[in-house]
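Undergrad: Feature table excerpt (TrEMBL):
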COMPBIAS  475-494  compositional bias 'Basic and acidic residues'
DOMAIN    15-468  domain 'Major facilitator superfamily (MFS) profile'
REGION    474-494  region 'Disordered'
TRANSMEM  20-43  transmembrane segment
TRANSMEM  122-141  transmembrane segment
TRANSMEM  147-166  transmembrane segment
TRANSMEM  187-205  transmembrane segment
TRANSMEM  211-232  transmembrane segment
TRANSMEM  267-291  transmembrane segment
TRANSMEM  320-338  transmembrane segment
TRANSMEM  350-370  transmembrane segment
TRANSMEM  376-397  transmembrane segment
TRANSMEM  409-433  transmembrane segment
TRANSMEM  445-463  transmembrane segment
Amino acid sequence: MAHNFVTDRLSCRQVLNIMVILGFMFNYMLRVNLTIAIVAMVIPSNKTDISHTSATATECSDPGNATLLSDKPTQLPESFDGLRFQWDEYEQNIILGCFFWGYVMTELPGGRLAEIIGGHRVFGYSMLSASVLTLLTPVAARLDYTAVVVLRVLLGLMLGATWPAIHPMTARWIPPTERSKFMSNMMASSLGAAITMPVCGFLIASLGWESVFYVTGVVGLVWSIAWFFLVFDSPAQHPRISEEERRYIESSIGGATSHGKVHRVPWLRILTSPCVWAIIITHGASVFGYFTVVNQLPTYMKHILHFNIKANGLLSSLPYLGKYVFAVLTSALADHLLRTERLSRTATRKIFTAFALGVPSVTMIGQMFLGCDRAASVTFFTVALTVNGAVCGGYLGNGLDIAPNFSGTIFGMANTLSSLGGFLSSLMVGMLTQDNQTYAQWRKVFGIIAGTYAGGAVVYTAFGTGRLQSWNAVHTDDKDGTEPEKFPLRSDKA
């Protein structure tokens, strides 16, 4: 009786949802733990932070908001006493940035590998390896900073494969009218970042910086073991799934997704498909804007508005929490519109994408004119990052609409470009503001972000579609090689 109660209340899809949410939370936890711990790992420099305060003070002096946030930097307790390293700023930046060297290399291979051997193994073994590497970080740090660099590159190689690996699993497990909601689970990475920051700070203050890597590494290991026991590549392979749930999933997905078949990638068709490039370009634009705001916001707050946003835990976490909550809400709405046939799949994807990128574009334009107001700045940045979560109802899962058999490959291509966008973001801000930290220069940054967001929205609106593409099917009876969509939702004309 208890067994029936549990299976009735918790389906295999629900278990998959829970594990994916936790997986992306811990995925980001393993990624950002060093960015917090390195503050305690390095002997503080005695250099005085010299900035062009005279220029910024005259540009952005706002005494009325001077008490909005404390300007005190986050400091370690006086009782802290642990091993620390003499890494200069160059070495620290190499350690923090080298993660992306490996990350960009496995995005595309990871997506394709998941299509061949299954996302279950790619995601699981990548997280398992990343957890072990995390546990080894304190040992590497004691050897030399180059050992940490090598380890972080390997960590990037492992975690780079995880994001595109989830798409092939989604294609086999999640019915088309539930996929927007499922894709919002990827935004749990934002939730992971919001939780990791204060938790790691507490661990450092209580047990020292080594505890950050030991605790996060063990958490990742426990999740990885649970993943292999609870999650499988398809309903047909799951030993504990009910016959009713298996039939429902397979009938809902239909023939658009191959089950266990390995198809040769139609590279020419993919690379010449406008709707594929719409996803790639839009994802690149969205992530470029997101990374620029998240990574450069503390610098802007410090040099232009004269306070450090990292000094306030609420404002540090608010954009991450907002993006996740908004992603869940908007993706549920998108699935409802598809399920009730209120909108076509193409219209739904375009509307949510335009909203998710259009609103941040407008807020960045507002930042160009009201950026000296602290309250307005915090509001603009928070709204921009929060509303961007609506991409889950838009382009983020669009690869599953147009080509579920190659969704991992498509997202791997898109995430490779977006990862490179992270480099370009830092390069762009550095070129514009180096030795010239003025509001006038930051207005240029905000203008570029606004234009990038708007450009992504325009490209997707023009070339995006929700229709299944002919090249998704390899074995068909049609002479033209097309396969009819198995889940039509009204007219889906672009």
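Here the Cβ of each residue, glycine as well, is placed from N, Cα and C on the backbone.
Predicted automatically and left uncurated, TrEMBL annotations should be read as such.
From a predicted model like this one, the values you see are computed outputs, not experimental measurements.
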Undergrad: Do we see three or more Cβ pairs under 8 Å linking the transmembrane segment (267-291) and the transmembrane segment (187-205), pairs being at least 6 apart in sequence?
TA: no
Undergrad: Okay, the transmembrane segment (187-205) and the transmembrane segment (211-232): do they have at least three CB pairs under 8 Å, pairs separated by 6 or more?
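TA: Counting Cβ pairs under 8 Å (6 or more apart in sequence), the transmembrane segment (211-232) reaches the transmembrane segment (187-205), since there are 3 or more.
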Undergrad: How about long-range neighbours of the transmembrane segment (187-205): same chain, 6 or more residues beyond its ends, C-beta under 8 Å?
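TA: Tertiary neighbours of the transmembrane segment (187-205) are 20-29, 32-33, 36-37, 39-40, 74, 76-77, 80, 211-212, 215-216, 313, 316-317, 319-321, 323-324, 327-328, 389, 392.
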Undergrad: Give the one range among 20-43, 122-141, 320-338, 376-397 whose Cβ atoms make the most pairs under 8 Å with those of the transmembrane segment (147-166).
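TA: Out of the listed stretches, 122-141 contacts the transmembrane segment (147-166) most.
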Undergrad: Cβ under 8 Å, sequence separation of at least 6 from the ends of the transmembrane segment (122-141): give me the contacting residues as numbers and ranges.
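TA: Same-chain residues near the transmembrane segment (122-141) but 6 or more away: 23, 26-27, 30, 33-34, 41, 85, 110, 113-114, 147-148, 150-151, 154-155, 158-159, 161-162, 165-166, 169, 210, 213-214, 216-221, 223-224, 227-228, 231.
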Undergrad: Quick one: average pLDDT across the domain 'Major facilitator superfamily (MFS) profile' (15-468), no decimals.
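TA: Result for the domain 'Major facilitator superfamily (MFS) profile' (15-468): average pLDDT 85.
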